[in-house]
């Protein structure tokens, strides 16, 4: 916080600001009285109305034209005006000496001559200061820095300017002084304050009061023309002729001689003559300006100062013109828009300007404009301003300043005259810096100011108790002003800096009044302020009852100051007393005290007058006299009760205090004029006293009635009627009395209704249901009887009601004894309820008895539910608890509730816990859940989550048991069972230990199936892996669907072979349901048998269709179902024919290759060495699945077929073939077909059906092709061609090995023999023992060749040897791991050897 600069204005503290609510704002005087204890401590306060209170601006702007007052700011401040008056006197002194005053500069600032003169006088005068060398001390006191020799400069200036004036003031006959100047001195222009007072303000009101403040109390002497110097060189010629005869009459007053006329000097003031050489000291020449003789100089400078006042402006303004001028002045002064100038800046600048004598700033203020002439800013009735319906309430609002002074609670309403500014509002149009000076309101009344619009108005106020202190401070600081104007503060022309007052101990408060806000000043609270800019305000006075003694004190104060009164206080009091009967009682009390003082004072004065010898008296009606005619000639008090006159001066009157000052006549000549005789005053005062004391009597009586019983009810009504008739406004006590009467009336009416049985239906809040809503409760009856006892009146129905209450009390005692029993008898309860029917009162025991019945029923329900724990669910418990909560508290109920609540809490906790156990991730173990289940089983309730947990645990245990049984004793589980088990595990929220292993097995199986599918299935194959691996069970079905006519033999064969295994789904279901591999092999053997039968029949059927016929065009063939034509190809398996162009796969067919149709070519037919590892890997997985069984059957079927081929000797049978072209010359065919015997055909067909590529199949086909169908010598379109290549069939030599487990054995070199197709069996020369030792035990032995063949021996019970490649083992795994063959792992497996 920055420190303020020297002499910088420091704002005083803020005054209180009040913001009333709408309820508080409704009554102005009540609210002002409410805030008075706070606000009167600061003298002023601000009130902000509710935001919605916005009265319309109703002033007639077009008619409003006013002449403002001129205010020179530095003349307003008291201390500054003293300095200006002093400087004017100095300037006048030197002007009369023919010189012009110029104020010197010291240290670059104007010298304060007033302060210099005052300090020198305080130090003893010029001679004393020079003698004691105090000029340095004086310079320091004036604020100059020591050590700069300022004292000598001050002495020189004092001696040159002030010393001659002070000598003249002492009366010394001075020589004519001469005034020398420095070039830096500033010429002083006198303010001529007295001359500017001649312009008086206009009277704008019939009863003007404040305009008198601006009237000068001293009459000005008419100004005379400037005196002329009577010297010939300065007179006109015409005047010389006139005066020539009178020259001899001018004689020098010093020497008495009229000689040396050219040296004779005439005074411009009195025409006295002086020789210039007779003056002391003599003048060397005649002065050029006006000259005054020493006598005139003393007379002119000794005139008393003229009273100060404001002068009126030279022009009138409209509101708009004044606003333009005001805004222009402020914006030019501060060099910024008016709305942007901070209020703090304006405030500091204002107090700087009023304190300086160097800057003369002049403003204008439209003050004290009569609202009666131009219209108030508030809307009033019968005015030119049209008020909208929404604003009509402002017409009668108490805060409308036209209404406030004349409200009933206002004392001023009893003044008959419309006093401008006091009862009729005055308007104020302000501009920046225009100010209102320190003053208190007339008669020390309240004032209220409302700012209609415009920029803020800054206020300063001092509390009423500090008024005399403020006056004494101002008189002390500016005594010169009060010497000439004792009532200066009543003239509203003087301000003083609030900081100066505060520094002298005067409490000052400030506020900024914004548009729409009220400012209230309290009695005898000095206030002043200024305007921040162009604004429009309205103000009026008002007086409340608390002002009465203050107003009488003010009249006495005015008497001492000889100040006129605006109205007669005694007249107002008497007018109020005449209306005592309708007066507010509080106001009557205040009036009584004031009137008692008035009558006592008047009585004493009249006794005093009588003692003086005044014997004449006359009753006078003072109301008809104007105020000027009945003012005391001494103290200017307005006389009303009495006055003194004398025949010598009939226009004069004196109050009884100053009767002796009226004239010098004998007192017997004086006449007492009076308004009332004392005998008339006393009854008038008694009427007020009666009004005030009647209320006191009424108050005491009512209080006695309220506090004491026994009065009759009619007296209560009488007191209310008295209060209403006499307008007693004791609201609280009157309301209390009315409440008592209303209560008594209600009690009497209710008692009568009870006795008559005509009770009205009443509604009571709270409590239980009653048997009859019309009945009184016991408490109401008891309270009712108690009210009868407490009422200040007697009710005749009271005894009957008391008897009823006695019987009710007896019933309550009996019921209390019964209800205190822990287990009352239902019969007793019922009997008591029957007794209650005889009492016409709502008994509190009745609900208690009913509650006990409800409790018994509830306890029975709880008991029944607890006995059936299987049906006691959570909802049932909650329902019972909810019902129990509604029951009245009882020990048995509370115990049952406690047990039930405990059971519910435990059940809910376990339900939540069990639910969290089941929802936990990862799942809990079976042991954890089983342990929780064991605890839950002890809860006697039906718990769904716990039952679900029990079901989960049961399922989990069952699943674990099944998983354990699935692989018990080394069993190999079936894939469907395994998958179903894994799928079931997904719905069991339990951590199942075997699940991960089973899922891994299923995953391995799926991986195995994918590997097998890649091995066997063709790209985009329509067949599944199982369809490819299983024997075909739907042979020919596709062809049957396409053809319109079926072959009869094939149809009959299908019917014979139709069993349950008619589709792949049937086969898959049969395999899945098989108990072991042996039964699966049996099933597949049946399917194989059916496959062979159906396929052989299909081949025969297709062959028969191709026999030569008369009409070959009727034959349909191929996928296009058209007649054979052109080049045809024939499937070697189903024997169906196809157009070469329709089957793309026959395009690149070579001679000697067997061709199959799309239905017969079902897989890739991988070689056996790629198939065997699949079976070996499946053995390691140890899971049975239909595809695995089918693969195993396929390998066994393949091995058996190989053995059949090798052991078959029936290959020399003659085969007769016939070409399609031989029988059907019209349909050329490319290809060969064979006609074989049934055994050989079945062997070849089965070879073609095997989904494995075998060298034996190709060798057999080519052997038959080459031997039975010789290669044609030339190419023919009807025959297939193949390059000659003899297929040499080498017989594999038997292996020789040594009996060493899990070691690689070297194969003995044996000569290989080349076998013909007719000799494909093994050499019978080998003995059985050698064969057993040298053959692989795997039925699907691949008979590997090479220099080194790796073997492995089963570590199971059979100890047989296997080629490692035949069982899918690598050399590394054979060394590291034990190998157990399938015969040992599956005892029921039939190797089929």
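Just so you know, glycine gets a Cβ as well, placed from its N, Cα and C.
Curation does not apply to TrEMBL; its annotations are automatic.
Here TrEMBL gives region 'Disordered' for one range in the set 1218-1272, 1273-1327: that range is 1273-1327. Taking the domain 'JmjC' (393-559) as a whole, pLDDT averages 88 in the prediction. DSSP states for the domain 'JmjN' (15-56), grouped as helix (H, G, I), strand (E, B) and coil, give 16 helix, 6 strand, 20 coil. Long-range contacts of the domain 'JmjN' (15-56) within the same chain: residues 378-379, 385, 387-388, 391, 394, 397-400, 404, 407, 409-410, 446, 459, 461-464, 466, 507, 509-511, 513, 516-523, 525-527, 544, 546, each at least 6 residues beyond the stretch ends and with a Cβ under 8 Å from a Cβ of the stretch.
Secondary structure by DSSP for the domain 'ARID' (80-170): 62 helix, 6 strand, 23 coil. For the domain 'PHD-type' (1115-1163), the DSSP-based tally of helix, strand and coil residues reads 3 helix, 8 strand, 38 coil.
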